[in-house]
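Notes to accompany the following structure.
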Amino acid sequence: MKFSQAVIALAAATVVSAQLPDVPQCSLPCFLDALTTDGCSELTDFKCHCSKPELPAKITPCVKSKCPVAEQVSVSNAVVKQCSEAGAPVSIPPVEESSSKPSEPSTSEAPTASPTESTPAPTTPAPTGTGSPSGTGAPGGPSGTGTFTNTGVPTQSTPIYTGAASGLSANIGGMGAAILAIAAYL
């Protein structure tokens with residue numbers, strides 16, 4: 001019995017991953033649970049899933065507990081896109097930066113604390129110096145004299161571009177989720 005449940009979970013995780021390739025791996029268990037228990041007859045019937053008003057309310061807390069904020073935004077965008085393409089647009093509240101606890105209702109009361117001034121931290125000037133090279137080089141190697149001046153101004157390096165390979169991790173992640181689903185049911 002457990003083996004058949006594992007096979008079903010694997011198939012469902014694979015379908016969810018294939019249908020929602022932009023969804024981060026951390027959220028796949030949330031979708032798997034929500035999409036297999038919402039009463040829709042097929043896992044890939046996103047028009048049915050998206051028409052269920054409880055879908056965002058069921059997936060959101062799970063995603064908040066399993067994914068970092070950046071990936072929560074990706075999940076939100078993917079759900080809105082998938083539901084719109086299926087013909088059943090949904091509205092999902094924006095992801096809050098501090099997702100470690102549930103948001104509390106806002107009030108119209110005035111703030112109780114007043115702004116304070118802060119003193120900037122003292123700065124230490126960057127060291128500068130001049131120097132002359134000394135020593136001898138290898139025979140036949142470069143030679144000469146010169147000076148070195150340190151301006152104390154740091155330079156910024158260019159960030160690494162991951163290119164199209166960054167999208168590959170989402171598809172590979174789906175297989176990882178499928179394997180985890182099998183392990184959970186065994």
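Residue 1 is the first one shown; counting continues down the chain.
Cβ atoms are placed via backbone N, Cα and C, with glycine included.
Features of the protein shown, as given by Swiss-Prot:
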- Asp45: heme binding site (BINDING)
- 96-131: compositional bias 'Low complexity' (COMPBIAS)
- 132-144: compositional bias 'Gly residues' (COMPBIAS)
- 148-159: compositional bias 'Polar residues' (COMPBIAS)
- Cys26-Cys67: disulfide bond (DISULFID)
- Cys30-Cys62: disulfide bond (DISULFID)
- Cys40-Cys48: disulfide bond (DISULFID)
- Cys50-Cys83: disulfide bond (DISULFID)
- 19-108: domain 'CFEM' (DOMAIN)
- Gly163: GPI-anchor amidated glycine (LIPID)
- 1-18: signal peptide (SIGNAL)
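A map of Swiss-Prot features onto the structure.
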{"residue": "Cys26", "record": "disulfide bond", "contacts (Cβ under 8 Å, 6+ apart)": "Val63, Lys66, Cys67, Pro68, Glu71"}
{"residue": "Cys30", "record": "disulfide bond", "contacts (Cβ under 8 Å, 6+ apart)": "Ile59, Cys62, Val63, Lys66"}
{"residue": "Cys40", "record": "disulfide bond", "contacts (Cβ under 8 Å, 6+ apart)": "Cys48, His49, Lys52"}
{"residue": "Asp45", "record": "heme binding site", "contacts (Cβ under 8 Å, 6+ apart)": "none"}
{"residue": "Cys50", "record": "disulfide bond", "contacts (Cβ under 8 Å, 6+ apart)": "Val79, Gln82, Cys83, Ala86, Ala88, Pro89, Val90"}
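By the criterion of other Cβ atoms within 10 Å of the residue's own Cβ, the least surrounded of the disulfide-bonded residues Cys48, Cys67 is Cys48. The DSSP breakdown of the domain 'CFEM' (19-108), given as helix, strand and coil counts, is 49 helix, 0 strand, 41 coil. Cys62 (disulfide bond): 18 other CB atoms within 10 A of its CB, across all protein chains.
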